[in-house]
């Protein structure tokens, strides 16, 4: 009988034998990275996917850079010990802006990060006003401001940092309704503008999960832009040209850092995304 929930680094009994496929890790502090994973899976359905989320240290947006770097390196190391990786995707804007150099120095497989889609948004805007919706950490970091200066210096950039929206996205995947009133309150600075942004960058991987609700609250015709499709294309290129030959015939698997009741409640969601099992990952440090 298949074991659907496992606590600890024990073999996954629910794995279904198949042809070996390149193993790709998608990692986030929470479940927002599933939006990126979905784009990658749509383009590359025949891979062995691992999804890992750090429900112990979630959310990363309020953590120090040193903590994030140490934590992300430790988690990727723990996954790599279980499954040799062909490629890893850090599907978290906050973690990507600070941890990529350390990851690329430590590991010999490609590591793909997620950055706010400032460049395409600057090309799409008609009124020259672009909104960046992200965590407070992403909004404050110099990397984000460098992206704006490089790719959108002729645009008016309106930034909103929100940790509450991350929580709303997590709650939605747990089956809870999203409060449109809460979104209106968060977006109030834009909604009060005489000419609000006509293009909004979803600068946190959690936020595409709220796309339907955001479109109900933002002015009609507002474009929402995220990095998911671009990350999928980059992943495909790297797997073809630079990835090591790291394959597995196991079924797709998800890892949490603590097997809490809240994590267990996510199993049906993870199964809808194609992950057969959820295990606790032992992380050193």
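Note: Cβ is positioned from N, Cα and C throughout, glycine not excepted.
What Swiss-Prot records for this protein:
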BINDING   28, 29, 60, 61, 93, 94, 205, 206  substrate binding site
ACT_SITE  92  active site, proton donor/acceptor
ACT_SITE  204  active site, proton donor/acceptor
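Positions of Swiss-Prot features highlighted on the structure.
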residue	record	DSSP class
28	substrate binding site	strand
60	substrate binding site	helix
92	active site, proton donor/acceptor	coil
204	active site, proton donor/acceptor	coil
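Around the Cβ of residue 206 (substrate binding site), 31 further Cβ atoms fall within 10 Å across all displayed protein chains.
Counting only residues at least six positions away in the same chain, the Cβ atoms of 94, 135, 136, 137, 138, 161, 163, 166, 204 sit under 8 Å from the Cβ of residue 61 (substrate binding site).
In the shown protein chains, 27 other C-beta atoms lie within 10 A of the C-beta of residue 60 (substrate binding site). In this structure the alpha carbons, written CA, of residue 205 (substrate binding site) and residue 92 (active site, proton donor/acceptor) are 6 Å apart. For residue 28 (substrate binding site), the number of other Cβ atoms no farther than 10 Å from its own Cβ, over all displayed protein chains, is 29. Cβ neighbours of residue 93 (substrate binding site) (same chain, under 8 Å, six or more residues apart in sequence): 114, 115, 116, 134, 135, 138, 203, 204, 205. For the active-site residues given as 92, 204, the lowest number of other CB atoms within 10 Å of the residue's CB is seen at 92. The CA atom of residue 28 (substrate binding site) is located 5 Å away from the CA atom of residue 92 (active site, proton donor/acceptor). Other Cβ atoms within 10 Å of the Cβ of residue 29 (substrate binding site) number 31 in total over all chains. Counting other Cβ atoms within 10 Å of each Cβ, the lowest count among the binding-site residues 94, 205 belongs to 94. When the record's substrate-binding residues 28, 29, 60, 61, 93, 94, 205, 206 are compared pairwise by CA position, the greatest distance found is 12 Å.
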